[in-house]
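Down below is the structure, laid out as structure tokens.
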Amino acid sequence: MTRFAVLPLSVLLLVLLFLCTESLAKSEESEEYDVAVPSCCGFSSPLLIKKDQWKPIFETKFGQISTVQIGNGCGGMGPYKIHSITLEPNTILLPLLLHSDMVFFVDSGSGILNWVDEEAKSTEIRLGDVYRLRPGSVFYLQSKPVDIFLGTKLKLYAIFSNNDECLHDPCFGAYSSITDLMFGFDETILQSAFGVPEGIIELMRNRTKPPLIVSETLCTPGVANTWQLQPRLLKLFAGSADLVDNKKKKEKKEKKEKVKKAKTFNVFESEPDFESPYGRTITINRKDLKVLKGSMVGVSMVNLTQGSMMGPHWNPWACEISIVLKGAGMVRVLRSSISSNTSSECKNVRFKVEEGDIFAVPRLHPMAQMSFNNDSLVFVGFTTSAKNNEPQFLAGEDSALRMLDRQVLAASLNVSSVTIDGLLGAQKEAVILECHSCAEGEIEKLKVEIERKKIDDERKRRHDERKKEEEEAKREEEERRKREEEEEKKRWPPQQPPQEEELRERQLPMEKEWEMEGEEES
């Protein structure tokens, strides 16, 4: 019989501690060197979501919230929810508990963001600001009075994603209100949790549930422009460490009571990564904004002047979800590969984008964005990756093709090395290029594709109708044949043919005559 050595419990605990330490070290090393997590980004094909496809989830005269969802959550990433939050001047978005990682960009207006994660924090936000809030934070948002320079309304776009690998409840949205958090529990639980008389809980429960967005005067009656609500309320709901009966944490209580000021990143006050007469780009990652550390989301902004193009490029590590802030343009995305799949779902695509539209491009899909000759194109992009993403360009000074062997590249394109030298050396610009009438050419091709699709759809419709008619006729013929067979079975056994009946009738008189003649003879 084989003997098994039984390790002492202390040894097992030491082994387990070692494994956990190694895992943590690898995790920290991955974060330090920005090692990407291999997985898909929640969607596998280019997407275009038009402005009228935003789904409103809340709307009053004080503001509104609309949402769209990108992807299906494959590979443990996504789905990504994009929210558009708009507040009228002097209004408040009441406290919310975040269920997901939140990265946002301020499109217009100004206000104050207050939140609690481990501490109570606050920051002023305005047009062009980028910031991030972690899951589990409790936050609320206040809009300032009308500002003729920044805009009359506070509007921001936010992306929500789940970075953790823990189980995710599909019933959970991006956030929940403090009211739902409070009164989802019974009175007895709340009374014991807060240590207050039953009457207080009953009084609060019987109050009318307020909407998510309210006028500031409803929160602070008789007081104008009160920009700091009591942080203790947020600390209470967030489960702040100050509420824990711990001596060491009590010593830091006075420090915790202070609302710390946080710093945002403003795209309009920072030096662009690239700028030319044809446009500018700026990318914000964890190196630019410390709160992005640990997030799977980065932010970029592209401004194309009239008749310009973001040169053909692809993202080696990130998917890109972009929102058009201003103007209109065309987007071209390639989906071709060496496979023989020629279905319409795998063809290259082009589409027109306008203010308020969202377009999403998966990782490694070559793309180009173009502005029209009479309009600029400005869009903010959310990139989804655990690694810093450096776009690779097809042409220009930063062309990835320049790194390849010229003879090998010439053989790939079936041209001479001299031709390759001329091809790669002609373009002196980079990243954003002049492209006069490129967008106009793309939209004309798009119109042709739409007309061709209409013709193909009509041809397919007629073919389907004809096939349906043939199948219907075949079915009716089959039913008729079955009815005839059933009627034939009902007549069984078969009747004698009429000719035999007539013959028998003729034979009967003759038989009678023969019988009579026989009787007479006898």
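Glycine is no exception: its Cβ is also placed from the backbone N, Cα and C atoms.
Per Swiss-Prot, these features apply:
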SIGNAL    1-25  signal peptide
CARBOHYD  N206  N-linked glycosylation site
DOMAIN    265-421  domain 'Cupin type-1'
CARBOHYD  N303  N-linked glycosylation site
CARBOHYD  N341  N-linked glycosylation site
CARBOHYD  N374  N-linked glycosylation site
CARBOHYD  N414  N-linked glycosylation site
REGION    457-522  region 'Disordered'
COMPBIAS  466-491  compositional bias 'Basic and acidic residues'
COMPBIAS  501-515  compositional bias 'Basic and acidic residues'
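When the Cα atoms are compared, N206 (N-linked glycosylation site) and N414 (N-linked glycosylation site) turn out to be 79 Å apart. A gap of 14 Å separates the Cα atoms of N374 (N-linked glycosylation site) and N303 (N-linked glycosylation site). Taking the C-alpha positions, the distance from N414 (N-linked glycosylation site) to N303 (N-linked glycosylation site) comes to 36 Å. For the glycosylation sites given as N303, N374, the lowest number of other CB atoms within 10 Å of the residue's CB is seen at N374. Confidence across the domain 'Cupin type-1' (265-421), taken as the mean pLDDT and rounded to a whole number, stands at 90. Assigned with DSSP, the residues of the compositional bias 'Basic and acidic residues' (466-491) fall into helix, strand and coil as follows: 25 helix, 0 strand, 1 coil. Taken residue by residue with DSSP, N374 (N-linked glycosylation site) is part of neither helix nor strand, so it is coil. In the three-state DSSP reading, N303 (N-linked glycosylation site) counts as strand. The number of other CB atoms found within 10 A of the CB of N206 (N-linked glycosylation site), across every protein chain shown, is 7.
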